[in-house]
Amino acid sequence: MSFVLAIDQGTTSSRAIVFRDDISIAAVAQQEFSQHFPASGWVEHEPEDIWSSTLATSRAAIEQAGLKASDIAAIGITNQRETVVLWDRVTGQAIHRAIVWQDRRTSEICARLKSEGHEPLITQKTGLIIDPYFSGTKIGWLLDQVPGARARAERGELLFGTVDCYLLWRLTGGKIHATDATNASRTLLFNIHTGQWDAELLALLNVPRSLLPEVKDSSADFGTSDQNLFGGSIAIRGIAGDQQAATIGQACFAPGMMKSTYGTGCFALLNTGSTPVKSNNKLLTTIAYQLNGQRTYALEGSIFVAGSAVQWLRDGLGIISHASETGPLADKSDSTQSVYLVPAFVGLGAPYWNPRLRGALFGLTRNTGPAELAHAALESVCYQTFDLWAAMRADWPDADEASIVLRVDGGMTASDWTMQRLADLLDAPVDRPMIQETTALGAAYLAGLSAGIFPEPQQFADNWRLQHRFKPSMSAATRARKLKGWAAAVRGLLATDEGE
């Protein structure tokens with residue numbers, strides 16, 4: 001039997017999972033690390049914390065599985081996307097804490113770029129919008145704010161990497177400075193049509209080319225780990241950003257297949273095949289994966305509040321003590337009430353992209369109580385997913401010819417109530433997989449594919465296992481009434497926006 005180690009480096013913790021060659025899990029290790037908030041809207045990580053927690057969990061998972069380095073056929077890496085690290089090419093010392101994807105410190109830089117009219121060019125080349133979320137403006141901030149950084153970068157003394165790239169550099173003992181196309185596509189510097197770093201974008205954002213890593217396929221030879229780390233060298237054969245890795249772990253290899261991951265927020269990706277689809281509905285166009293030099297593209301939409309709406313019920317209102325209570329409580333709601341929660345606690349994500357809005361409840365009556373609030377909170381996740389679903393169908397020209405298949409993962413999918421309501425509102429089946437560790441599985445698959453122990457994508461897809469399919473059971477009239485009410489609630493909230 002062969003084994004693959006998947007490194008899943010997330011925003012709040014690092015995880016390592018050992019998969020057997022039959023895709024079953026042999027061991028899991030997890031370690032949380034500190035978050036740093038030095039100013040309002042700023043979020044940072046210590047690069048050494050990212051590295052030490054990754055190394056510790058990798059060692060623990062291998063030991064827990066009763067294995068040694070020579071038993072591991074390959075390592076796959078998946079990571080929090082867009083987070084930026086700059087480090088010294090010789091010493092490996094980071095010049096600053098990592099700036100995390102959630103960080104908003106470059107808002108003014110982004111506003112200036114927009115006001116100067118650069119967004120159409122950036123969107124055309126990268127598929128992204130100008131937003132502090134992405135890596136490019138974070139790199140510029142570090143070069144300009146850390147004393148001497150820009151001069152050092154111009155002299156070729158510094159390296160940039162997203163978290164995957166930084167971990168790869170550390171794992172290989174500083175021998176390999178590389179990333180994959182999915183991570184590169186989130187930087188604002190990578191042309192998703194040519195598959196290259198773009199000179200015009202580098203000049204626009206004032207980023208020296210010498211900082212940037214080599215861009216490889218998602219399943220490729222990324223070198224080997226330093227033999228001193230695990231008691232022997234292990235080949236590193238796969239890399240993908242976390243949402244793309246989940247898309248792969250869900251075996252969404254065919255155009256029209258969509259995965260939606262429900263955690264604190266929600267990220268949905270729709271495979272659109274070999275041609276990038278331009279969005280007219282404020283979705284992102286991104287690279288789903290790159291295999292054998294061939295890029296597969298996706299439309300991506302993000303929802304800021306999904307599971308955090310349930311956390312609000314628990315921590316903010318105190319009407320539940322555990323997330324699992326939400327569905328049964330929602331079941332007790334008064335069916336004659338139409339309460340809508342628009343959970344814009346930190347603004348609305350796709351397809352609205354309005355950071356200024358704040359949450360609101362609509363349809364309250366004297367009889368509205370905890371059950372109705374639980375009902376509204378869970379339904380809000382389904383309504384927001386419907387908005388993404390509708391935007392993707394509108395953007396993708398083949399939507400009428402192909403049935404979109406939705407596969408879900410993440411902690412919130414444990415709620416049967418929510419998944420059934422999602423199927424009802426979409427009027428489409430919702431598939432929950434047997435293996436919930438889809439992000440790590442995607443990284444493991446990419447590594448195992450390159451190492452020759454996992455099959456080609458189609459065969460892997462054939463082996464994908466369904467745990468439960470939720471089928472729509474709501475009447476068309478009820479669905480239409482509910483969606484009309486949601487649209488009215490969103491319009492009502494949008495009307496409160498007075499601009500910046």
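One is the number of the first residue shown, and numbering goes on along the chain from there.
Using N, Cα and C of the backbone, Cβ positions are placed for all residues, glycine too.
It should be emphasised that the depicted structure is a prediction, and the values quoted were computed from it without experimental measurement.
Under the heading ATP binding site, Swiss-Prot lists THR11, THR12, SER13, THR264, GLY307, GLN311, GLY411, citing sequence analysis as support. Neighbour list (GLY411 (ATP binding site), Cβ cut-off 8 Å, at least 6 residues apart, same chain): TYR262, GLY263, GLY307, ALA323.
For ARG81 (sn-glycerol 3-phosphate binding site), applying a Cβ distance below 8 Å and a minimum sequence separation of six or more within one chain yields TRP101, THR162, THR182, ASN183, ARG186, GLY241, ASP242, GLN243. The sn-glycerol 3-phosphate binding site feature in Swiss-Prot is assigned to THR11, ARG81, GLU82, TYR133, ASP242.
Look at Swiss-Prot and you will find THR11, ARG15, THR264, GLY307, GLY411 tagged as ADP binding site, backed by sequence analysis.
The glycerol binding site annotation in Swiss-Prot covers ARG81, GLU82, TYR133, ASP242, GLN243. Neighbour list (GLU82 (sn-glycerol 3-phosphate binding site), Cβ cut-off 8 Å, at least 6 residues apart, same chain): TRP101, TYR133, PHE134, SER135, LYS138, THR162, ARG186, THR187.
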| Could you give the maximum C-alpha to C-alpha distance in Å for the residues THR11, THR12, SER13, THR264, GLY307, GLN311, GLY411 that bind ATP per the record? | 19
| query | Does DSSP give SER13 (ATP binding site) helix, strand or coil? | reply | strand
| Residues flanking the glycerol site, with Cβ no more than 8 Å from the Cβ centroid of ARG81, GLU82, TYR133, ASP242, GLN243 and excluding those residues themselves | GLN80, THR83, TRP101, ARG186, GLY241, PHE267
| query | If you count Cβ atoms within 10 Å of the Cβ of THR12 (ATP binding site), leaving out that atom itself, what do you get? | reply | 11
| Integer Å distance between the CA atoms belonging to ARG15 (ADP binding site) and THR264 (ATP binding site) | 17
